[in-house]
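K.L.:
Okay, so Swiss-Prot annotates it like this:
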- Gly8, Met9, Ser10, Gly11, Gly12, Val13, Asp14, Ser15, Met34, Gly123: ATP binding site (BINDING)
- Cys99: active site, nucleophile (ACT_SITE)
- Cys99-Cys195: disulfide bond (DISULFID)
- His124: site 'Interaction with tRNA' (SITE)
- Cys195: active site, cysteine persulfide intermediate (ACT_SITE)
- Gln340: site 'Interaction with tRNA' (SITE)
Amino acid sequence: MKAKVIVGMSGGVDSSVAAWLLKEQGYQVEGLFMKNWEQDDHNDYCPAAKDLADAQAVCNQLRIPLHTVNFSKEYWDRVFAYFLSEYEKGRTPNPDVLCNKEIKFNAFLNHALTLGADYIATGHYAKNTIEGSIGYLFKAKDREKDQTYFLHAVEPEALSKTIFPIGDFTKPQIREFAKQLGLVTHAKKDSTGICFIGEKRFKTFLNEFILAKPGEIKSTGGKTLGQHDGLMFYTLGQRQGLGIGGLQNSTDEPWYVVDKDIASNTLYVAQGSQHPMLYSQGLICGPIHWLADYENHLPLTCFAKTRYRQTDQACMISPPDNNQHYVMFSSPQRAITPGQFIVFYEKNQCLGGATIEQIIR
């Protein structure tokens with residue numbers, strides 16, 4: 001009997017096809033649906049209920065059992081509390097990275113092992129290789145959909161217990177498989193945005209948990225231009241929603257957020273999408289979570305992304321200084337955002353990543 005694999009079934013097309021591919025390869029396949037968020041249950045439309053129904057329908061079609069588990073407490077403690085604390089500091093976190101690290105490749109993995117799994121699998125667009133108890137992470141065939149940026153914080157030991165069945169396929173191929181199989185998820189839209197917010201407006205959602213502190217919007221020259229609703233609602237490079245268009249004798253170019261001064265609660269803006277204040281030559285990041293043995297090879301020249309779907313940018317990582325690293329880029333980078341992640345690559349391999357702490361102009 002081939003190994004037992006438990007697939008994280010989200011109710012989407014990617015995990016549906018992942019389960020089918022594993023079954024075709026002869027694995028003993030079971031599904032598991034994770035509920036990670038309780039807040040939506042009072043709504044008329046609950047996405048979690050629809051996703052569970054779709055996951056169950058797919059498992060019925062594939063004739064595999066579906067387990068369910070509630071990780072809402074773990075999610076709140078390990079992901080959402082961090083998400084809120086970062087926004088309270090005026091930073092812009094990425095909860096998907098932490099959700100993968102703490103929930104999908106930790107809580108889910110441990111739960112699956114108690115159910116007798118040899119491996120877990122997910123519908124992520126990524127690839128890995130396994131050497132003993134260590135897994136190495138590589139980009140998916142579909143570069144447009146590659147999700148290694150969100151997986152860089154997963155432990156190498158967890159990657160050694162993981163299979164990524166769809167990593168060698170493109171999204172159109174996955175949809176075509178699902179359509180040919182008649183899976184109920186074949187035409188389901190990809191989920192977008194932060195999983196626990198769903199269709200809510202982001203501002204409305206944050207207001208439920210954090211007290212907003214309005215303050216001044218100023219030009220880079222120090223001129224007061226208006227009022228902001230709270231620094232947490234704005235991110236570097238943002239253009240929409242500033243409410244200061246068409247001001248006194250200014251050029252017609254739009255305004256962009258270029259800085260946030262937490263101490264004075266001031267939002268700084270400048271005109272023009274190419275304004276120098278939007279660009280940084282480098283950044284300071286926290287400790288690097290390494291997925292490959294490069295820790296003792298610093299300084300290191302490699303490539304990096306400071307946001308999802310950015311093309312790889314040439315950079316140099318310095319040796320650690322006080323548990324931080326300086327990363328300098330070959331060309332200036334636009335709208336690098338503290339609280340987000342920088343993820344490092346060498347060709348197709350994901351080397352690891354770190355939290356962006358400061359920008360270096």
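For all residues, glycine too, the Cβ spot is worked out from N, Cα and C.
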K.L.:
Using only C-alpha positions, which one of Cys99, His124, Gln340 is spatially nearest Asp14 (ATP binding site)? These are the recorded positions in the record.
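P.N.:
Out of the listed candidates, the nearest Cα belongs to His124.
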K.L.:
Most Cβ neighbours within 10 Å: which of the binding-site residues Gly8, Gly12 is it?
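P.N.:
Going through Gly8, Gly12 one by one, the largest Cβ count within 10 Å is at Gly8.
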K.L.:
Quick check: of the recorded positions listed here (Cys99, His124, Gln340), which one has the Cα closest to that of Gly8 (ATP binding site)?
P.N.:
His124
K.L.:
Taking Cα atoms as reference points, which of the recorded positions Cys99, His124, Gln340 is nearest to Gly12 (ATP binding site)?
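P.N.:
The answer is His124.
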K.L.:
Near the Cβ of Gln340 (site 'Interaction with tRNA'), how many other Cβ atoms are there if near means within 10 Å?
P.N.:
23
K.L.:
Which one is closest to His124 (site 'Interaction with tRNA') in space, judged by CA to CA distance, out of the recorded positions Ser10, Met34, Cys99?
P.N.:
Ser10
K.L.:
Do you know offhand how many angstrom separate Cys99 (active site, nucleophile) and Ser10 (ATP binding site) by C-alpha?
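P.N.:
The separation of the Cα atoms works out to 14 Å.
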K.L.:
Between Gln340 (site 'Interaction with tRNA') and Met34 (ATP binding site), what C-alpha distance do you get in Å?
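P.N.:
With the alpha carbons as reference points, the distance is 25 Å.
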K.L.:
Please work out the number of neighbouring Cβ atoms within 10 Å of the Cβ of His124 (site 'Interaction with tRNA'), leaving out its own Cβ.
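P.N.:
Around His124 (site 'Interaction with tRNA'), other Cβ atoms within 10 Å: 27.
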K.L.:
How many other Cβ atoms sit within 10 Å of the Cβ of Ser10 (ATP binding site)?
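P.N.:
Within a 10 Å radius of the Cβ of Ser10 (ATP binding site) lie 24 other Cβ atoms.
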K.L.:
Cys99 (active site, nucleophile) has how many other Cβ neighbours within 10 Å of its own Cβ?
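P.N.:
Its Cβ has 26 other Cβ atoms within 10 Å.
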K.L.:
Under a criterion of Cβ-Cβ distance under 8 Å and sequence separation of at least 6, what residues of the same chain contact Met34 (ATP binding site)?
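P.N.:
Gly8, Thr68, Val69, Asn70, Phe71, Ile103, Lys104, Phe108 - these are the non-local Cβ neighbours of Met34 (ATP binding site), listed in sequence order.
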K.L.:
Assuming the binding residues for ATP are exactly those in the record, Gly8, Met9, Ser10, Gly11, Gly12, Val13, Asp14, Ser15, Met34, Gly123, what is the maximum CA-CA distance in angstrom, rounded?
P.N.:
16
